[in-house]
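All remarks here apply to the structure that follows.
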Amino acid sequence: MIYLLPLFTVLIWGGNSIVNKLAASVIEPSAMSFYRWFIAMLILSPFCLPSVLKQRHLIKPYLPKLACLALLGMVLNQSLGYYAGLTTTASNMSLITSLVPLLSVFMSVPLLRKSISGLSIAGGIISLLGLALMLGQGDMLFFFHQPITEGYGLMVLAALVYALYCVLLKRWKMPFSSWTLIYLQGVCAVIMLTPLWFTSEHLLPTEGSWVLIMYAGMAASLLAPWMWIKAIDAIGADSSAMFMNLLPVIALTLAATLLGEQIHAYHVFGGLMVISGVILSQIKIRRRVVLKSIEKVSPL
(Lines of atoms letter the chains of each structure in order from A and count residues from 1; the text may use other names and numbers.)
(Lines give C-alpha, C1' and ligand atoms only; values in the text may rest on other atoms or scores of the structure.)
Protein backbone atom coordinates (compact mmCIF):
# COMPACT_ATOMS: atom_id res chain seq x y z
CA MET A 1 0.00 0.00 0.00
CA ILE A 2 2.87 2.36 0.72
CA TYR A 3 3.85 2.35 -2.96
CA LEU A 4 0.46 3.82 -3.91
CA LEU A 5 1.69 7.22 -2.69
CA PRO A 6 4.32 7.75 -5.41
CA LEU A 7 2.11 5.98 -7.97
CA PHE A 8 -0.87 8.31 -7.47
CA THR A 9 1.50 11.27 -7.47
CA VAL A 10 2.84 10.27 -10.87
CA LEU A 11 -0.73 9.81 -12.17
CA ILE A 12 -1.51 13.41 -11.24
CA TRP A 13 1.72 14.66 -12.78
CA GLY A 14 0.95 12.68 -15.92
CA GLY A 15 -2.20 14.76 -16.26
CA ASN A 16 -0.22 17.87 -15.45
CA SER A 17 2.02 17.34 -18.48
CA ILE A 18 -1.12 17.63 -20.60
CA VAL A 19 -2.05 20.80 -18.73
CA ASN A 20 1.42 22.22 -19.41
CA LYS A 21 0.95 21.75 -23.14
CA LEU A 22 -2.62 23.07 -23.20
CA ALA A 23 -1.62 26.09 -21.12
CA ALA A 24 0.97 27.15 -23.69
CA SER A 25 -1.80 28.19 -26.08
CA VAL A 26 -4.07 30.07 -23.64
CA ILE A 27 -1.88 31.70 -20.97
CA GLU A 28 1.69 32.96 -20.71
CA PRO A 29 4.13 30.69 -18.82
CA SER A 30 5.00 33.47 -16.37
CA ALA A 31 1.34 34.02 -15.47
CA MET A 32 0.58 30.29 -15.29
CA SER A 33 3.48 29.69 -12.90
CA PHE A 34 2.35 32.50 -10.63
CA TYR A 35 -1.37 31.69 -10.55
CA ARG A 36 -0.72 28.01 -9.96
CA TRP A 37 0.95 28.65 -6.62
CA PHE A 38 -1.12 31.72 -5.77
CA ILE A 39 -4.33 29.65 -5.97
CA ALA A 40 -2.75 26.82 -4.00
CA MET A 41 -1.60 29.11 -1.20
CA LEU A 42 -4.95 30.91 -1.16
CA ILE A 43 -6.64 27.57 -0.49
CA LEU A 44 -4.13 26.52 2.16
CA SER A 45 -3.89 29.81 4.07
CA PRO A 46 -6.99 29.38 6.29
CA PHE A 47 -5.72 25.98 7.40
CA CYS A 48 -1.96 26.53 7.59
CA LEU A 49 -1.40 30.23 8.37
CA PRO A 50 -2.46 30.05 12.07
CA SER A 51 -0.03 27.20 12.69
CA VAL A 52 2.74 28.98 10.80
CA LEU A 53 2.28 32.14 12.88
CA LYS A 54 2.51 30.13 16.09
CA GLN A 55 5.71 28.45 14.89
CA ARG A 56 7.30 31.57 13.40
CA HIS A 57 10.26 31.50 15.78
CA LEU A 58 10.88 27.83 14.97
CA ILE A 59 10.50 28.46 11.23
CA LYS A 60 12.91 31.40 10.99
CA PRO A 61 16.18 29.38 11.08
CA TYR A 62 14.89 27.14 8.27
CA LEU A 63 13.91 29.97 5.90
CA PRO A 64 17.06 29.72 3.70
CA LYS A 65 16.50 25.99 3.16
CA LEU A 66 12.78 26.50 2.55
CA ALA A 67 13.54 29.21 0.00
CA CYS A 68 16.05 26.96 -1.74
CA LEU A 69 13.54 24.10 -1.94
CA ALA A 70 10.86 26.47 -3.25
CA LEU A 71 13.22 27.81 -5.90
CA LEU A 72 14.10 24.33 -7.13
CA GLY A 73 10.84 22.41 -6.87
CA MET A 74 8.17 25.08 -7.28
CA VAL A 75 9.71 27.94 -9.26
CA LEU A 76 12.39 26.63 -11.62
CA ASN A 77 10.99 23.16 -12.27
CA GLN A 78 7.44 24.34 -12.98
CA SER A 79 8.35 27.50 -14.89
CA LEU A 80 10.80 25.65 -17.12
CA GLY A 81 8.08 23.12 -17.89
CA TYR A 82 5.60 25.81 -18.96
CA TYR A 83 8.18 27.52 -21.18
CA ALA A 84 9.16 24.15 -22.69
CA GLY A 85 5.50 23.60 -23.58
CA LEU A 86 5.84 26.37 -26.16
CA THR A 87 8.33 24.39 -28.26
CA THR A 88 7.84 20.67 -27.55
CA THR A 89 5.07 18.11 -27.13
CA ALA A 90 3.48 16.80 -23.94
CA SER A 91 4.94 13.38 -24.72
CA ASN A 92 8.48 14.73 -24.97
CA MET A 93 8.09 16.73 -21.76
CA SER A 94 7.04 13.67 -19.80
CA LEU A 95 9.74 11.49 -21.38
CA ILE A 96 12.50 13.88 -20.36
CA THR A 97 11.01 14.31 -16.88
CA SER A 98 11.49 10.59 -16.33
CA LEU A 99 15.24 11.26 -16.17
CA VAL A 100 14.62 12.40 -12.58
CA PRO A 101 14.95 8.89 -11.06
CA LEU A 102 18.41 8.30 -12.48
CA LEU A 103 19.57 11.78 -11.54
CA SER A 104 18.21 11.36 -8.01
CA VAL A 105 19.97 8.02 -7.54
CA PHE A 106 23.35 9.49 -8.43
CA MET A 107 22.76 12.70 -6.46
CA SER A 108 21.86 10.61 -3.40
CA VAL A 109 25.37 9.15 -3.30
CA PRO A 110 27.23 12.38 -2.35
CA LEU A 111 24.33 14.21 -0.70
CA LEU A 112 22.75 11.36 1.30
CA ARG A 113 25.81 9.08 1.43
CA LYS A 114 23.84 6.24 -0.05
CA SER A 115 25.24 3.30 -1.95
CA ILE A 116 23.81 2.17 -5.28
CA SER A 117 22.78 -1.48 -5.52
CA GLY A 118 23.29 -3.56 -8.62
CA LEU A 119 19.55 -3.88 -9.14
CA SER A 120 19.10 -0.11 -8.97
CA ILE A 121 21.81 0.39 -11.57
CA ALA A 122 20.39 -2.33 -13.83
CA GLY A 123 16.85 -0.97 -13.48
CA GLY A 124 18.07 2.54 -14.16
CA ILE A 125 19.95 1.48 -17.29
CA ILE A 126 16.94 -0.41 -18.66
CA SER A 127 14.69 2.57 -17.97
CA LEU A 128 17.18 4.96 -19.56
CA LEU A 129 17.40 2.80 -22.69
CA GLY A 130 13.61 2.72 -22.86
CA LEU A 131 13.55 6.49 -22.53
CA ALA A 132 16.16 6.86 -25.31
CA LEU A 133 14.13 4.53 -27.54
CA MET A 134 11.02 6.67 -27.12
CA LEU A 135 12.77 10.04 -27.42
CA GLY A 136 14.70 8.91 -30.50
CA GLN A 137 11.58 7.43 -32.11
CA GLY A 138 13.23 4.03 -32.31
CA ASP A 139 16.82 5.30 -32.56
CA MET A 140 18.63 5.07 -29.22
CA LEU A 141 21.60 7.03 -30.58
CA PHE A 142 19.52 9.95 -31.82
CA PHE A 143 21.34 12.49 -29.63
CA PHE A 144 24.57 11.93 -31.58
CA HIS A 145 23.16 13.17 -34.89
CA GLN A 146 20.16 15.37 -34.01
CA PRO A 147 20.30 18.92 -32.61
CA ILE A 148 18.86 19.51 -29.16
CA THR A 149 15.81 21.76 -29.37
CA GLU A 150 15.06 24.55 -26.90
CA GLY A 151 12.19 22.56 -25.41
CA TYR A 152 14.43 19.54 -24.83
CA GLY A 153 17.06 21.69 -23.15
CA LEU A 154 14.57 23.38 -20.83
CA MET A 155 13.06 20.05 -19.79
CA VAL A 156 16.48 18.50 -19.10
CA LEU A 157 17.26 21.47 -16.86
CA ALA A 158 13.86 21.05 -15.17
CA ALA A 159 14.64 17.38 -14.53
CA LEU A 160 17.99 18.29 -12.98
CA VAL A 161 16.56 20.84 -10.56
CA TYR A 162 13.70 18.56 -9.52
CA ALA A 163 16.04 15.64 -8.88
CA LEU A 164 18.08 17.93 -6.63
CA TYR A 165 14.87 19.04 -4.90
CA CYS A 166 13.90 15.42 -4.16
CA VAL A 167 17.27 14.62 -2.62
CA LEU A 168 17.56 17.84 -0.59
CA LEU A 169 14.04 17.32 0.74
CA LYS A 170 15.22 14.03 2.20
CA ARG A 171 18.49 15.46 3.51
CA TRP A 172 17.02 18.56 5.13
CA LYS A 173 14.68 17.06 7.67
CA MET A 174 12.53 19.80 9.20
CA PRO A 175 10.25 19.64 12.28
CA PHE A 176 7.10 20.60 10.38
CA SER A 177 4.05 18.74 9.15
CA SER A 178 3.78 17.96 5.45
CA TRP A 179 1.10 20.61 4.88
CA THR A 180 3.13 23.25 6.73
CA LEU A 181 6.18 22.35 4.68
CA ILE A 182 4.24 22.66 1.43
CA TYR A 183 2.69 25.95 2.56
CA LEU A 184 6.00 27.53 3.54
CA GLN A 185 7.59 26.53 0.25
CA GLY A 186 4.54 27.73 -1.66
CA VAL A 187 4.61 31.16 -0.03
CA CYS A 188 8.28 31.49 -0.92
CA ALA A 189 7.46 30.44 -4.49
CA VAL A 190 4.71 33.07 -4.84
CA ILE A 191 7.09 35.78 -3.63
CA MET A 192 9.75 34.66 -6.12
CA LEU A 193 7.28 34.36 -9.00
CA THR A 194 5.66 37.77 -8.51
CA PRO A 195 8.35 39.73 -10.45
CA LEU A 196 8.10 37.17 -13.27
CA TRP A 197 4.31 37.56 -13.32
CA PHE A 198 4.66 41.33 -13.78
CA THR A 199 6.56 40.69 -17.03
CA SER A 200 3.44 39.08 -18.55
CA GLU A 201 1.57 40.97 -21.25
CA HIS A 202 -1.74 39.90 -19.72
CA LEU A 203 -1.71 39.87 -15.94
CA LEU A 204 -5.21 38.40 -15.57
CA PRO A 205 -5.99 34.80 -16.61
CA THR A 206 -7.88 34.24 -19.84
CA GLU A 207 -11.28 32.57 -19.76
CA GLY A 208 -9.96 29.30 -21.18
CA SER A 209 -7.12 29.06 -18.67
CA TRP A 210 -9.10 28.82 -15.43
CA VAL A 211 -9.67 25.06 -15.58
CA LEU A 212 -5.97 24.49 -16.21
CA ILE A 213 -4.98 26.83 -13.38
CA MET A 214 -7.32 25.07 -10.95
CA TYR A 215 -5.98 21.62 -11.87
CA ALA A 216 -2.40 22.81 -11.51
CA GLY A 217 -3.15 24.78 -8.35
CA MET A 218 -5.10 22.07 -6.53
CA ALA A 219 -4.22 18.57 -7.77
CA ALA A 220 -0.67 19.17 -8.99
CA SER A 221 0.36 21.77 -6.41
CA LEU A 222 -1.35 20.52 -3.25
CA LEU A 223 -2.29 16.87 -3.43
CA ALA A 224 0.67 15.62 -5.46
CA PRO A 225 3.46 17.36 -3.46
CA TRP A 226 1.95 16.22 -0.16
CA MET A 227 1.86 12.59 -1.33
CA TRP A 228 5.37 12.95 -2.74
CA ILE A 229 6.74 14.22 0.58
CA LYS A 230 5.06 11.31 2.36
CA ALA A 231 6.53 8.85 -0.16
CA ILE A 232 10.05 10.24 0.22
CA ASP A 233 9.79 9.98 4.01
CA ALA A 234 8.53 6.40 3.75
CA ILE A 235 10.73 4.79 1.11
CA GLY A 236 13.47 7.34 0.37
CA ALA A 237 14.27 9.86 -2.35
CA ASP A 238 15.87 7.51 -4.86
CA SER A 239 13.21 4.81 -4.48
CA SER A 240 10.34 7.27 -4.79
CA ALA A 241 11.95 8.89 -7.80
CA MET A 242 12.08 5.54 -9.62
CA PHE A 243 8.30 5.76 -9.96
CA MET A 244 8.83 8.81 -12.14
CA ASN A 245 9.74 6.33 -14.88
CA LEU A 246 6.04 5.53 -15.12
CA LEU A 247 5.33 9.14 -16.08
CA PRO A 248 6.01 8.80 -19.82
CA VAL A 249 3.74 5.77 -20.12
CA ILE A 250 0.90 7.55 -18.35
CA ALA A 251 1.47 10.83 -20.17
CA LEU A 252 1.69 9.16 -23.58
CA THR A 253 -1.65 7.48 -22.98
CA LEU A 254 -3.24 10.76 -21.93
CA ALA A 255 -1.61 12.66 -24.80
CA ALA A 256 -2.95 10.18 -27.33
CA THR A 257 -6.42 10.26 -25.80
CA LEU A 258 -6.78 13.97 -25.06
CA LEU A 259 -4.42 15.68 -27.52
CA GLY A 260 -4.54 13.23 -30.43
CA GLU A 261 -0.79 12.52 -30.33
CA GLN A 262 -0.01 9.24 -32.08
CA ILE A 263 1.44 6.24 -30.24
CA HIS A 264 4.00 4.24 -32.25
CA ALA A 265 5.72 0.90 -31.72
CA TYR A 266 8.74 2.58 -30.16
CA HIS A 267 6.45 4.12 -27.55
CA VAL A 268 5.12 0.68 -26.62
CA PHE A 269 8.49 -1.08 -26.46
CA GLY A 270 10.15 1.87 -24.75
CA GLY A 271 7.33 2.07 -22.23
CA LEU A 272 7.67 -1.64 -21.44
CA MET A 273 11.38 -1.15 -20.83
CA VAL A 274 10.66 1.77 -18.51
CA ILE A 275 8.15 -0.25 -16.48
CA SER A 276 10.53 -3.24 -16.35
CA GLY A 277 13.24 -0.98 -14.98
CA VAL A 278 10.91 0.31 -12.28
CA ILE A 279 9.94 -3.22 -11.24
CA LEU A 280 13.56 -4.36 -11.17
CA SER A 281 14.63 -1.38 -9.07
CA GLN A 282 11.88 -2.11 -6.52
CA ILE A 283 12.87 -5.74 -5.93
CA LYS A 284 15.59 -4.74 -3.51
CA ILE A 285 13.12 -2.53 -1.63
CA ARG A 286 10.65 -5.34 -1.10
CA ARG A 287 13.44 -7.62 -0.01
CA ARG A 288 14.70 -5.01 2.46
CA VAL A 289 11.22 -4.57 3.92
CA VAL A 290 10.92 -8.34 4.44
CA LEU A 291 14.33 -8.50 6.12
CA LYS A 292 13.41 -5.64 8.46
CA SER A 293 10.20 -7.44 9.40
CA ILE A 294 12.15 -10.59 10.22
CA GLU A 295 14.58 -8.61 12.36
CA LYS A 296 11.71 -7.09 14.35
CA VAL A 297 10.27 -10.48 15.35
CA SER A 298 13.61 -12.21 15.87
CA PRO A 299 14.47 -12.88 19.56
CA LEU A 300 18.09 -12.21 18.76
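Every residue, even glycine, has its Cβ placed from backbone N, Cα and C.
Here's what TrEMBL has on this protein:
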{"type": "DOMAIN", "residues": "3-135", "note": "domain 'EamA'"}
{"type": "TRANSMEM", "residues": "34-53", "note": "transmembrane segment"}
{"type": "TRANSMEM", "residues": "65-84", "note": "transmembrane segment"}
{"type": "TRANSMEM", "residues": "90-112", "note": "transmembrane segment"}
{"type": "TRANSMEM", "residues": "119-145", "note": "transmembrane segment"}
{"type": "TRANSMEM", "residues": "151-169", "note": "transmembrane segment"}
{"type": "DOMAIN", "residues": "151-280", "note": "domain 'EamA'"}
{"type": "TRANSMEM", "residues": "181-198", "note": "transmembrane segment"}
{"type": "TRANSMEM", "residues": "210-229", "note": "transmembrane segment"}
{"type": "TRANSMEM", "residues": "241-259", "note": "transmembrane segment"}
{"type": "TRANSMEM", "residues": "265-283", "note": "transmembrane segment"}
Per-region confidence, the domain 'EamA' (3-135) (mean pLDDT, whole number): 88
Same-chain residues near the transmembrane segment (119-145), Cβ under 8 Å, at least 6 residues beyond its ends: 91-92, 95-96, 98-99, 101-102, 105, 238, 242, 245, 248, 252, 264-267, 269-274, 276-284
Best-contacting stretch, by C-beta pairs under 8 Å, relative to the transmembrane segment (210-229) and drawn from 34-53, 90-112, 151-169, 181-198, 241-259: 34-53
Distant-in-sequence neighbours of the transmembrane segment (65-84), which means Cβ under 8 A and at least six residues beyond its ends: 17, 20, 23-24, 29-30, 32-33, 36-37, 59, 93, 97, 150-152, 154-155, 157-158, 161-162, 164-165, 168-169, 172, 174, 181, 184-186, 188-189, 192-193, 196, 221, 225
Range from 90-112, 151-169, 265-283 with the greatest count of C-beta pairs under 8 A to the transmembrane segment (241-259): 90-112
